[in-house]
Amino acid sequence: MATPIATTTNTPTKAGSLTIAGSGIASVGHITLETLAYIKESHKVFYLVCDPVTEAFIQENGKGPCINLSIYYDSQKSRYDSYLQMCEVMLRDVRNGLDVLGVFYGHPGVFVSPSHRAIALAREEGFNAKMLAGVSAEDCLFADLEFDPASFGCMTCEASELLIRNRPLNPYIHNVIWQVGSVGVTDMTFNNNKFPILIDRLEKDFGPNHTVIHYVGRVIPQSVSKIETFTIADLRKEEVMNHFDAISTLYVPPRDISPVDPTMAEKLGPSGTRVEPIEAFRPSLKWSAQNDKRSYAYNPYESDVVAQLDNYVTPEGHRILQGSPAMKKFLITLATSPQLLQAYRENPSAIVDTVEGLNEQEKYGLKLGSEGAVYALMSRPTGDIAREKELTNDEIANNHGAPYAFVSAVIIAAIICAL
């Protein structure tokens, strides 16, 4: 059985908590149901977002005071000083016993300094603290530019970090460079006069004629994502430099395709695997000079596989959704209510006893408080259902691996696609 990784050396002992969440990039639409639940249930919300629509949404849904952290930015002080103050104002309310939520645009752990500091300090002081996942600019970039980081690999790095630590750029993989419009900037002036230093580095590793893409994800409903294609030599032109600002990202596609190591391929390759379908899955290098502009039309192999759909029979091992309406409703509510989830974790039996409409097996499984029991009850093989096979309490209690079968299949598929 896997051992959970400890997120703190101190068991929370004090009233008050800190949750850090992300608002995503696209206004309001990227706010997750989980984050929305915390906005509605937290005593106080602090936010640092990049558009007025998201700010309005937070204020309309927060039950308590909603404070804009951008007031701590000032052109006369460093960003680091601003981040220290943002962190501290959140912690003061946590220390006063409040359940505090901090909302930062994008993913709250990506290019966000005060979020990590606040969580670390809160835990050291004995408070419960955690981070919720959010939609990052990188997620938007993958969608808008339509490339898969699992194919060929991907390196991401902040522009100043790339230069000052001489991080390697790999011409065989996808390279994503963040904050290229504020190279070497530590305050709020965002003067990009160090941008040519980055261009020198790109030209050294990729040459002046390699294509790069300037990217900025869409934010408010009226906006569209900015996707501009230049050569590295183009970046030296003043009119091109003026396109870049503090939120600009640069995507540098692979220049060459890395050769396959035949010895390693033989060791890793599954017996009998056909090369054709593997190559068909591998996406073309849309933005690269190596783009083979492959067609996704049906070749003989693909046509044969598609034709099998006409007589397809669902395999017996396929799992389908089960569970009473009461169980489905309870688990959906549990997933979208932080307060109910906390109460359930503290005493599953007490919460389950308040739920009407559950059958005895569902009550038993839910009182165990384990994910395996939920999968055992709600995801049943078609063969078991056809035979009207009843689950035993031991089967419910001892189910541990069911949720990972599908995930494993997806991971294996991704590996095959990357070959």
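Cβ atoms are placed via backbone N, Cα and C, with glycine included.
When Swiss-Prot records Tyr105, His107, Val110, Ala137, Gln179, Ser248, Thr249 as binding S-adenosyl-L-methionine, the matching candidate from Gly64, Gly207, Gly217 it lists for that site is Gly217. When Ser136, Ser408 are looked up in Swiss-Prot, the one carrying the note N-methylserine is Ser408; the rest have no such note there, which does not rule it out for them. Neighbour count (other Cβ atoms within 10 Å of the Cβ, all protein chains): 21 for Tyr83 (active site). Considering only the residues assigned to S-adenosyl-L-methionine binding, Tyr105, His107, Val110, Ala137, Gln179, Gly217, Ser248, Thr249, the longest pairwise Cα distance works out to 16 Å. Counting in whole angstrom, Thr249 (S-adenosyl-L-methionine binding site) lies 20 from Arg79 (active site) by their C-alpha atoms.
For the pair Ala137 (S-adenosyl-L-methionine binding site) and Tyr83 (active site), the Cα-Cα distance reads 20 Å. Here the binding-site residues are Val110, Ala137, and the one with the most other Cβ atoms within 10 Å of its Cβ is Ala137.
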